[in-house]
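**Student:** My structure is below; once you've seen it, I'll send some questions.
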Amino acid sequence: MVEAGNMVISIQVLRNVTNNFSEENILGQGGFGTVYKGELHDGTKIAVKRMESGVITGKGLMEFKSEIAVLTKVRHRHLVALLGYCLDGNERLLVYEYMPQGTLSRHLFNWVDEGLKPLEWTKRLMIALDVARGVEYLHGLAHQSFIHRDLKPSNILLGDDMRAKVADFGLVRLAPEGKGSIETRIAGTFGYLAPEYADSQAISADASVMLALKQSLNPPKDIGWSDPDPCKWTHVACSEDKRVTRIQIGHQSLQAQYQKISFLGYLHSNLWIWIITPSQVGKFLKALQMLLLSKISLPTLQISAEKYLGFWARRVSGLVNLHLAFNNLEGELPASFSGSQIQSLWVNGQKSVGKLDGRINVIQNMTLLREIWLHSNAFSGPLPNFSGLTNLQALSLRDNMFTGIVPLSLVNLGSLEVVNLTNNFLQGPIPVFKSSVAVDMTEDTNSFCLPKPGDCSPRVTTLLSISRSFGYPVKLAQNWKGNDPCTDWLGITCSNGNISVVNFAKMDLNGTISPDFSSLKSLQRLILANNNLIGTIPQELITLPALTELDVSNNKLYGKVPSFRDNVVINTNGNLDIGKDNSELTPGGRNSQGASSPTDLASPNTPAPGRKASSRVAIVVFCVVGGLFVTLVLNLFAFCLYKKKHKRFTRVQSPNIMVVHPRNSGSDNDSAKITVAGSSISIGAVSETHAISSGETSDIQMVEAGNMVISIQVLRNVTNNFSEENILGQGGFGTVYKGELHDGTKIAVKRMESGVITGKGLMEFKSEIAVLTKVRHRHLVALLGYCLDGNERLLVYEYMPQGTLSRHLFNWVDEGLKPLEWTKRLMIALDVARGVEYLHGLAHQSFIHRDLKPSNILLGDDMRAKVADFGLVRLAPEGKGSIETRIAGTFGYLAPEYAVTGRVTTKADVFSFGVILMELITGRKALDESQPEESMHLVTWFRRMHINKETFRNGIDPTINLDEETLASITTVAELAGHCCVREPYQRPDMGHAVVVLSSLVELWKPAEPNPDDIYSIDLEMSLPQALKKWQAFEGRSQVDSSSSSLVTSMDNTQMSIPTRPYGFAESFTSADGRSPMQWAVEKKLYIRKAKMRTAVTIPLPPYGWLGIRSYISKLTQA
């Protein structure tokens, strides 16, 4: 299935809401299926696109996956929202928000037949603006840039308010960086295809797969992939019947050019879109024995190891060598590896933030393994039993977080030749391998008790046995070093050289309480509170002669409490089943994820201390009797859960959509730990604190943002344990540190101060997570993850190397920087305007930032800006209303109506943006106490300076090189700043107007001088019939992909024929000055009569490109 977060909807729900897909609910039909209207229990309508059974294994399936992949990466008001999907047997369905007015083509071409009114020009203009905004976002304002490839009226949907949304993303491709192009099969609809977009490849079978793979890469010319027969390529091997058996892609300096995409439940790059499809698994992959994909030069991509690696193990039964080193896998080794034919497994050096982690117990069942390279990841837990791996020759486990004692099954392995265990947290005595084994196991990079082989002290041996019952937790292993536990061992306190206190409270321990605590005869206090321990309190603890306190509160223990002496204080609060007989246990009394006994967590070669025979019999009896009871209760619980989920879907509440950064895409709990975005059609997201705090005490449950959690240990490692040299800045709620991943990628880690984790700071922490998982824009800083660990609260962002705008505006002298040129200031202003415009009106929900200022604007190396710090964000009210909230923000940037009344609208952000524009112009701070009182407030001073040209010129930052063109540009921005900062909020423009004004100054697009020989060999001086004939001849040589939905059976049947002239060509190519009639028509003055003023307005020729078109239409709609 397609892993895109919690978006899966059952087929039964969709049957119910569409009245079993009845004909009366059909909204439209296309090449790949039918679209039905559905109605939820609360009356909300949805659109359900159901694929025809005949196309679920062909091109249609690829488009199905592509649509899910794209719509989980973008979030925009003018792109149709995907609410969920269904994969059930042969059923493939997509669920969208319902657009009641249907397609634009219905209103443009079929309005007579459907009894509609023709579209007024003002509505057509607004529709054009909506589409331009949506496509502009796809092309350059999402975190990744996309090409739609099938833009046409039938793929533009209209709501009841006649506002438009772009739909149908099945043909979308990732746009190349810069101004390059990508090569792909032709897809789209005649009449809308750009003339340069054509392809004539015709390939099939294994060769088809390999040629498509080549097409998705950019291989060097000398790599040896030029022959039309892939079996003759370098690094590719085939059998006698021309079946591909070996592919080596690693270490070939290849670069992917297509988008990363999610399908079949696995998230990986589009590199594999051509390989991993059901129709090709049977006839292509079953022949594959060697897959060498190490060190592919692809953009960072978080991939679920369970889904991705598990796929190869399940589907490619003959796979012997699986090499996936230096990629971006995350999660645990899949259980499906068990019993596989794999002999060589390389998954070392994953470059993702979370890396591969978890335990490697599945290795013990991969009995054919000869070499295992797992180094440079984040695997943890004890090493498994290696006794069954009789062929194992090489084992590399260095640079992980393995704990526990090195098992004798590994030490005694007869086939072993090379082993590397350096830089882990392995404990106990140093193992002694045979002399024939090459061993790399630097002593001081583990947690061995002695620097040389030899037995550990009895106290250390006892504590390691106790740690074994907890699964050898990393927290203990990394702090327990040496052979004397009285030397600052975590949780251990000694008195007179003897262990007197063991305090393991709040350590997130799992497992059971070891009876070996009874060996610590001087133990006075045993504190195990606030963990996840299961099982019973060992009877052996009553033999401790010095014990005075036992605290096991807030765990998941059960059974009778042993009879301790009267002077022993025992705290068992918070254990629901403590004191109950086995027959009385509640279903929640046991933790299905925890170990049921110490032996489950012990090293295979180190047996755990036994229990009495009677206890074992009692446990067996309990398991049989209690198991029946638990099964019954679980069945009832599952039924209730299903009903609850069914009910939740009927309200369409915010399905979580996994997105990976840059990054982008992700999966479920065991996959990418990067970014999630929620989508909703009917509920509020972050409006005040209701959605995120609700006054509850546990904050972990309140931050619902999917699987973005990053461990504190990872963040300590990448920030050098939060060293001062890595500090980027400090604020009211904590410190921001620079972190560097193993591959050199830099991140920013915001660490909250301990004093604010229970107050206002905690609310902002949750708010920032909630907001940044709902928005996706190139000019909003990206949240990569967060950490909640004990008292630690940390947020992880993309790193912006040039720091804040305030650093470059106000502190450039102290920091040895160059003053900002005006062109850069202008671009920064436009970037900020775009980001805030998106927050206000182009995201699916509208937000108010409330703290817009230069220190919350971050700059990249290219000096492009991103808005940051979303802790004070509030959900904007519908329409033009305001919300009342506590005043928050920064003096100098607060809108006057907000500062006085506490009522805030999006116009408060507009005011703050106006202040920032004034700062960009003058180089002065919004509130500068070093200035005289009459000049202290920038807005007041700026208004005075702006009265006449001379005083205004004197107020401009002297570091700006003022020429005539620059002064004119600054004057325009000053006018905009003044409008943004007027006293009455209704008189301020919206951010869309600011974008239009600034973009006209920054990005004036001008057509290049055409080269007559460069436009498909068509000379612009030739007559129209000659040009048309040559163009059609060119098009006739192109092969159209006949399996493309939009080409074969378009929903818009009126556009199936080739146009009478090349799209974009004028009817004649003669004019007085060489310009075509089309240019003349555009350049004529457009007169629009204002409703109130009744005066003619001249609109200049637009700057073209999507930004220019959008700006042009915006002027028309606002005129």
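Glycine is treated like the rest: Cβ placed from N, Cα and C.
Sequence annotations record features per position, and here TrEMBL assigns domain 'Protein kinase' to 21-326, 722-1002. Annotation comment: TrEMBL describes Lys49, Lys750 as ATP binding site. Residues annotated as region 'Disordered' in TrEMBL: 579-611. Annotation comment: TrEMBL describes 589-605 as compositional bias 'Polar residues'. The annotation transmembrane segment is assigned in TrEMBL to 617-642.
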**Student:** I'd like the number of other C-beta atoms within 10 A of the C-beta of Lys750 (ATP binding site), please.
**Tutor:** 24
**Student:** Through the lens of DSSP with three states only, how would you label Lys750 (ATP binding site)?
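**Tutor:** Going by the DSSP assignment, Lys750 (ATP binding site) falls within a strand, counted as strand.
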**Student:** Using DSSP, would you call Lys49 (ATP binding site) helix, strand or coil?
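**Tutor:** Going by the DSSP assignment, Lys49 (ATP binding site) falls within a strand, counted as strand.
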**Student:** What is the total of other Cβ atoms whose distance to the Cβ of Lys49 (ATP binding site) is within 10 Å?
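**Tutor:** The Cβ of Lys49 (ATP binding site) has 24 Cβ neighbours within 10 Å.
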